[in-house]
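Q: Below is a structure I'd like to ask you about.
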Amino acid sequence: GKVYGRCELAAAMKRMGLDNYRGYSLGNWVCAAKFESNFNTGATNRNTDGSTDYGILQINSRWWCNDGRTPGSKNLCHIPCSALLSSDITASVNCAKKIVSDGDGMNAWVAWRKHCKGTDVNVWIRGCRL
């Protein structure tokens, strides 16, 4: 996987329309990526329920993508989970847009709830040319 620089990721996310998507400023997305994956597109983490989280935003195979090994997977983003590990974050961003529109907003991301929610997330884009 590719490890993004902070400002590099901010620029890519902005280009893909995440800034203020569903009311969440760009800093929220960069902060979430930092604490979910440390900006690494190749990150994978297995969960106790047998599902796996994939990519820079740690998108889960029980609901959002298909990895062929998660029983009862819904694959609501209609993608193979491997697509979420690409150095090109388009698939992750498109799926994240679907997730954040699902009703719970960015609360869907535990790391965002724990580390970003209610903080000054603008620090994550400070000094970036955007």
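Backbone N, Cα and C atoms are what each Cβ position is placed from, and that goes for glycine too.
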Q: In Swiss-Prot, Cys81 is disulphide-linked to which residue out of Cys65, Cys77, Cys95?
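A: Partner cysteine, according to Swiss-Prot: Cys65.
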Q: Pick from Cys31, Cys77: which cysteine does Swiss-Prot list as forming a disulfide with Cys116?
A: Cys31
Q: Tell me which of Cys95, Cys128 Swiss-Prot records as disulfide-bonded to Cys77.
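A: So the cysteine paired with Cys77 in Swiss-Prot is Cys95.
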Q: For the disulfide-bonded residues listed here (Cys65, Cys77, Cys95, Cys116, Cys128), tell me which residue's CB has the most neighbouring CB atoms inside 10 Å.
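A: Going through Cys65, Cys77, Cys95, Cys116, Cys128 one by one, the largest Cβ count within 10 Å is at Cys65.
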Q: Could you measure between Asp53 (active site) and Cys95 (disulfide bond) for me? Cα positions, answer in whole angstrom.
A: 13
Q: Going by C-alpha positions, which of the disulfide-bonded residues (Cys7, Cys31, Cys81, Cys128) is nearest Cys95 (disulfide bond)?
A: Cys81
Q: Take the C-alpha atoms of Cys31 (disulfide bond) and Cys65 (disulfide bond) and report the distance between them in angstrom, rounded.
A: 22
